[in-house]
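Worksheet for the structure shown next.
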Amino acid sequence: MNIAVVGLSHKTAPVEIREKLSIPEPQTESAIAQLTSYPHIDEVAILSTCNRLEIYIVAGETDHGIREVTQFLSEHSKLPVHSLRQHLFVLLHEDAVMHIMRVAAGLDSLVLGEGQILAQVKNTHKLGQQYNGIKTILNRLFKQALTAGKRVRTETSIGTGAVSISSAAVELAQIKAENLAACRVTILGAGKMSRLLVQHLVSKGATQISIVNRSRERAQELAKQFSEHPIRTHLLPEMMTVIAESHLVFTSTSATEPILDRAKLEMVLAPNQPLMLFDISVPRNVHTDVNELVNVQAFNVDDLKAVVAQNYESRRKMAQEAERLLEEEIEAFDIWWRSLETVSTISSLRSKIETIREQELEKALSRLGSEFGDKHQEVIEALTRGIVNKILHDPMVQLRAQQDVEARRRCMQTLQMLFNLDVGEQFS
């Protein structure tokens, strides 16, 4: 068995490609069911965020498993495989392990060191277990990655003052608008990203904020978290009326299709009315055709790179101490993985010797006859078990402790050959 990850991110694909491959949470169950139905995929976990879509698998035949994931992504995105391949990356075992550790720690994020990704990895683990995609190997891997991410947050300085996608969007808005306090700001959506938007907007001096959401209760709940600020809440049917009165609009909803386009804006905006749209959703909430309107500017997550780059160098130095810490967690996983490789050989050897012990004990007891008491049988039973355990102890300890991968595999192959063991599918 091998671990592999097939995916794409802000580093390999623009937002117009990423949004086609995005797997919203309500689709996770069916996606996992489809992936695990393929013959070569034993375990699967799906990490889908605004900046990445990564599918982690455990496969007996890695090449076949990767092909099956690629085919799934092609069908899901309706992009031909040859177009998709130029945006995909594939990482195998050690590299895949290193990658999920770096992702959980925020070291692979657009915003280096951002903390929201850790919660997203945790949710991936939870959903993978809930929908029977994650079993022994990915369960251990994701637990180790979550431990790594938590340690990086608590034991290094990279999380101190870390920016996020939301804060970078507000930073960009401040650069473009110059005076946030004078702007009427509307936020579409009331989730975690929207909460962070409000947090950063009020810290930058914004005083005229409206939240538009499908559920009034959710919008009011968010507004109450900032009760010292006069935040207005509106339902979705009021969206265009509210936008018509706004200078800045931030979109952060789970909609899978654009909720704003040129036609909708043309109906409510005055001729040449200025409006700036900051879309931090993937799939995008704002259609690209809005840029055809005079004085309307639309920005998406890919436009945040310039803002993020400003503090990248200082955070890169902090990341170096985090990388050293990750090495410890990777080693811990590798030790567990090495011990797992030996399980089937050890189990098969113990099972074979136990079968021989039981057969020979039964022959001996039958020869001794019925006058041989139960107490004597128990003594002989314990004696034979003790002999078996003593004989197996040292080989098993040495096999588990062997650090050299090739040497350990040679030992296992030798045991399998000498004892004619049938161990089934081995880890590789």
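In case you wondered, yes, glycine gets a Cβ from its N, Cα and C as well.
Residues or ranges marked as active site, nucleophile by Swiss-Prot: Cys50. Swiss-Prot lists Thr49, Cys50, Asn51, Arg52, Ser109, Glu114, Gly115, Gln116, Gln120 with the feature substrate binding site. According to Swiss-Prot, the feature NADP(+) binding site maps to Gly189, Ala190, Gly191, Lys192, Met193, Ser194. Per Swiss-Prot, the feature site 'Important for activity' maps to His99.
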List of residues, in chain order, with Cβ under 8 A from that of Gly191 (NADP(+) binding site) and at least 6 apart: Ser252, Thr253, Ser254
Other CB atoms within 10 A, centred on Ser109 (substrate binding site): 23
Nearest of the recorded positions (Cys50, His99, Gly115, Gln120) to Gly189 (NADP(+) binding site) - Cα to Cα: Cys50
Spatial separation of Gln120 (substrate binding site) from Ser194 (NADP(+) binding site) - C-alpha basis, Å: 16
Fewest other Cβ within 10 angstroms of its own Cβ, chosen from the recorded positions His99, Lys192: Lys192
Binding-site residues: Thr49, Asn51, Gln120, Ser194 - member with fewest neighbouring CB atoms within 10 Å: Gln120
Residue pair Asn51 (substrate binding site), Ala190 (NADP(+) binding site) - Cα distance, angstrom, rounded: 20
